[in-house]
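Novice: Sending over a structure as structure tokens; questions will come in a sec.
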Amino acid sequence: MFVETFDENRQSCVHVCTVHKRAVCFSGPSAKKAKKAKEPEAPVLYEDPPDKLVSKDGRDANMKITSWNVDGLRAWVKKNGLDWVREEDPDILCLQETKCAEKSLPAEITSMPEYPHKYWAGSSEKEGYSGVAMLCKTEPIKVTYGIGKEEHDKEGRVITAEFPSFYLVTAYVPNASKGLVRLDYRKTWDEDFRSYLSELDMQKPLVLCGDLNVAHQEIDLKNPKGNKKNPGFTPEEREGFGQLLEAGFADSFRQLYPEQTNAYTFWTYMMNARTKNVGWRLDYFLLSSSLLDGLCDSKIRNKALGSDHCPITLHIAV
């Protein structure tokens, strides 16, 4: 008579003969079941290093700007997004994908005393779609909305503020959409937006921040091979971003951290992507080349929750 048992020394199933007290090894389903399951690999996370507050030319940072795609302002406020903002305490806060008409803005944000100067842009055709905001501690010289082309401006995607030594532009760049149905429109946007920025740059240098809806290089997303035909990583969108850099603007994060991997700002809500750090870097601070000497740091605040994007922060001496 045989009794099945598990031999810890052999790490296999054996049958023990109860008459002769001998162990006999058997292969088969029981042995297979005893095999140890392969441990899943631990995700590689990005650790945001301590903030640098001095520029390479030795100046102290005197401007702090934060940008965050909040994926719905009202929901983000309910998730205590403003608590994080108060702790971060930027001089200027830029928000994208607010999805909220000005008449429906939560009182918690419209009444914020820390930011007496608040500016909102939303879609003129679809309420609860797109939308950007800019909240400032210091009043800008001038604020404008859009880029001067109705086909783009009706979606409420751009606010520009003029300050004494620079322009600040916040943008929510259109997505090419599922099936790339808006890719042709996106290519038109990229060209028109680049022209708009170049014209501003001729007057005074600028900072562009926001969700630019493109991962520029393979290092900027977790799975480049599987996404080459998906919105945000098509050759056309990547080329459009490259042309923006060629026009004289610099990706502040890559200026400081050119080889940094696993640094993302967006994770889909599906498949536990954020916990696994399967993400994309879609949110940027781009600077006119003349501002680069004053660049102190470009931060990815990936521990801040409340949206499918995390906030990013710029420290600069202007």
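Here the Cβ of each residue, glycine as well, is placed from N, Cα and C on the backbone.
Reproduced below are the annotations present in TrEMBL:
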{"type": "ACT_SITE", "residues": "Tyr172", "note": "active site"}
{"type": "ACT_SITE", "residues": "Asp211", "note": "active site, proton donor/acceptor"}
{"type": "ACT_SITE", "residues": "His309", "note": "active site, proton acceptor"}
{"type": "BINDING", "residues": "Asn69, Glu97, Asp211, Asn213, Asp308", "note": "Mg(2+) 1 binding site"}
{"type": "BINDING", "residues": "His309", "note": "Mg(2+) 2 binding site"}
{"type": "DOMAIN", "residues": "67-309", "note": "domain 'Endonuclease/exonuclease/phosphatase'"}
{"type": "SITE", "residues": "Asn213", "note": "site 'Transition state stabilizer'"}
{"type": "SITE", "residues": "Asp283", "note": "site 'Important for catalytic activity'"}
{"type": "SITE", "residues": "His309", "note": "site 'Interaction with DNA substrate'"}
Novice: Excluding Asn69, Glu97, Asp211, Asn213, Asp308, please set out which residues of the same chain place their CB within 8 Å of the center of the CB atoms of the Mg(2+) 1 site, keeping sequence order.
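Specialist: Near the Mg(2+) 1 site, beyond Asn69, Glu97, Asp211, Asn213, Asp308, sit Asp71, Gln96, Tyr172, Phe266, Leu282, Asp283, Ser307, His309.
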Novice: Near Asp283 (site 'Important for catalytic activity'), which of the recorded positions Asn69, Glu97, Asn213, Asp308, His309 can be found within 10 Å, Cα to Cα?
Specialist: Asn69, Asn213, His309
Novice: Please tell me which one of the recorded positions listed here (Tyr172, Asp308, His309) sits closest to Asp211 (active site, proton donor/acceptor), measuring Cα to Cα?
Specialist: Tyr172
Novice: Glu97 (Mg(2+) 1 binding site) to Tyr172 (active site): how many Å between their Cα atoms?
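Specialist: Checking the Cα atoms of Glu97 (Mg(2+) 1 binding site) and Tyr172 (active site) gives a distance of 7 Å.
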Novice: Using all protein chains in view, find how many other C-beta atoms are within 10 Å of the C-beta of Asp308 (Mg(2+) 1 binding site).
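Specialist: By my count, 19.
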Novice: Let me know the model's mean pLDDT on the domain 'Endonuclease/exonuclease/phosphatase' (67-309).
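Specialist: Summarising the domain 'Endonuclease/exonuclease/phosphatase' (67-309) by its mean pLDDT gives 97.
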Novice: Drop a 10 Å sphere on every Cβ of the binding-site residues Asn69, Asn213 and tell me which sphere holds the fewest other Cβ atoms.
Specialist: Asn213
Novice: Taking the Cβ of the residue listed as 'active site' as reference, which residues of that chain separated by at least 6 in sequence fall under 8 Å from it?
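Specialist: In sequence order, Asn69, Gln96, Glu97, Ser130, Gly131, Val132, Arg157, Val158, Gly210, Asp211, Asn213 meet the Cβ cut-off.
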Novice: Of Glu97, Asp211, Asp283, which of the recorded positions has the most Cβ neighbours inside 10 Å?
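Specialist: Highest number of other Cβ atoms within 10 Å: Asp211.
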Novice: Could you tally the C-beta atoms, other than its own, that fall within 10 angstroms of the C-beta of the residue listed as 'active site, proton acceptor'?
Specialist: 24
